[in-house]
Amino acid sequence: MATLKEKLIAPVAEEETRIPNNKITVVGVGQVGMACAISILGKSLTDELALVDVLEDKLKGEMMDLQHGSLFLQTPKIVADKDYSVTANSKIVVVTAGVRQQEGESRLNLVQRNVNVFKFIIPQIVKYSPDCIIIVVSNPVDILTYVTWKLSGLPKHRVIGSGCNLDSARFRYLMAEKLGIHPSSCHGWILGEHGDSSVAVWSGVNVAGVSLQELNPEMGTDNDSENWKEVHKMVVESAYEVIKLKGYTNWAIGLSVADLIESMLKNLSRIHPVSTMVKGMYGIENEVFLSLPCILNARGLTSVINQKLKDEEVAQLKKSADTLWGIQKDLKDL
């Protein structure tokens, strides 16, 4: 007796298990992981989304909640499991998992605890998707990108930190607000370490090719009567303010990560400020990861743009590199 499905649907091609073309995995289904997931789904970037976490109930609930939105999405398969076999054949894996900083905890201690988490996660990712590109989002992102690179054994063009992509987006938004234009028409770069010691490249800030520093030579300095330096200060403080107000940040970082993924999956060769291995650049001698303008395409992070930086900007980058190395050199089990 034929089933309803057999009566309804007459097959033309043989059924086969298909390997997904553009599978994306998100590791960690906390606020940031789920913001990444919904941003990826909203841009229709993937034909299969896999979620992984250690909290099974939360994981299943998030998966079901997204699956129930399938009618409104163009992603035919959404899966989740605590077992990493669910991530097999991923093109891109986004790592948002990690432990949170406790009150009064040193960064070194926080990093070491996250190293212990990553020692489990990273080998599993590489086991099931040996050809993937890994995007690290967990903080402190520059150090954990280095940790991921070391643990994964992947070439450096396939291990990328979300880095200053969000810092630069915040910078362009705040500048554009002051000027009354859209952020996409206000060009500016935040480089270096994601967060407190990031570097604003004032010499490169422009609108329609007009250098703003040529109009106001004091821009970004302490002598500036218009106090544009405050914009960079606001970029650095904005995450803390959002955390103070709502407890965490998630939407902007989720959108920022989807933006990076789009450049890679669509082979766009767009340029983003993301965290990459900078040894040998700007006189940096250690294996540290910092954000520089990088070309992202289907192969991963394929090139770095040589920006003309001023001496004090290079000095700031070197200082960040030294700070990061100071923590990295004491990490155990890498």
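Backbone N, Cα and C define each Cβ position, glycine as well.
The N-acetylalanine annotation in Swiss-Prot covers Ala2. Around Ala2 (N-acetylalanine), no same-chain residue at least 6 positions away in sequence has a Cβ under 8 Å from its Cβ.
The N6-acetyllysine annotation in Swiss-Prot covers Lys7 (among others). Under 8 Å, Cβ to Cβ, and six or more positions away along its own chain, Lys7 (N6-acetyllysine) finds no residue.
The annotation phosphoserine is assigned in Swiss-Prot to Ser44 on the grounds of similarity to another entry. Neighbour count (other Cβ atoms within 10 Å of the Cβ, all protein chains): 12 for Ser44 (phosphoserine).
Secondary structure at Asp57 (NAD(+) binding site), as computed by DSSP, is helix. Residues or ranges marked as NAD(+) binding site in Swiss-Prot (evidence: similarity to another entry): Asp53, Val54, Leu55, Glu56, Asp57, Lys58, Arg100, Asn139.
Swiss-Prot lists Lys58 (among others) with the feature N6-acetyllysine. Taking Cβ-Cβ distances under 8 Å and a sequence gap of 6 or more within the same chain, the neighbours of Lys58 (NAD(+) binding site) are Val29.
A sphere of 10 angstroms centred on the C-beta of Asn139 (NAD(+) binding site) encloses 23 other C-beta atoms. Residues or ranges marked as substrate binding site in Swiss-Prot (evidence: similarity to another entry): Arg107, Asn139, Arg170, Thr249.
DSSP gives Lys119 (N6-acetyllysine) a helix state. In this view, Lys119 (N6-acetyllysine) is surrounded by 13 other Cβ atoms within 10 Å of its Cβ, with every protein chain counted. The annotation N6-acetyllysine is assigned in Swiss-Prot to Lys119 (among others) on the grounds of similarity to another entry.
The annotation active site, proton acceptor is assigned in Swiss-Prot to His194 on the grounds of similarity to another entry. According to its DSSP assignment, His194 (active site, proton acceptor) is coil.
Annotation comment: Swiss-Prot describes Tyr240 as phosphotyrosine, evidence class similarity to another entry. Non-local neighbourhood of Tyr240 (phosphotyrosine): empty, since no residue in the same chain at least six residues away has a C-beta under 8 Å from its C-beta. In this structure, Tyr240 (phosphotyrosine) is part of a helix by DSSP.
Swiss-Prot lists Lys329 (among others) with the feature N6-acetyllysine, giving similarity to another entry as the kind of evidence. When secondary structure is read from DSSP and collapsed to three states, Lys329 (N6-acetyllysine) falls in the coil class.
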Assigned element (helix, strand, coil) containing Arg107 (substrate binding site), judged by DSSP: helix
Assigned conformation of Asn139 (NAD(+) binding site) - DSSP reduced to three states: coil
Surrounding CB atoms that lie within 10 Å of the CB of His194 (active site, proton acceptor), all protein chains: 29
Greatest C-beta neighbour count within 10 angstroms, which of the recorded positions Arg100, Arg107, Arg170, Lys329: Arg170
Residue among binding-site residues Val54, Leu55, Glu56, Asp57, Thr249 with least C-beta crowding, 10 angstrom cut-off: Asp57
Nearest recorded site to His194 (active site, proton acceptor) by CA-CA distance, among binding-site residues Asp53, Val54, Leu55, Glu56, Arg170: Arg170
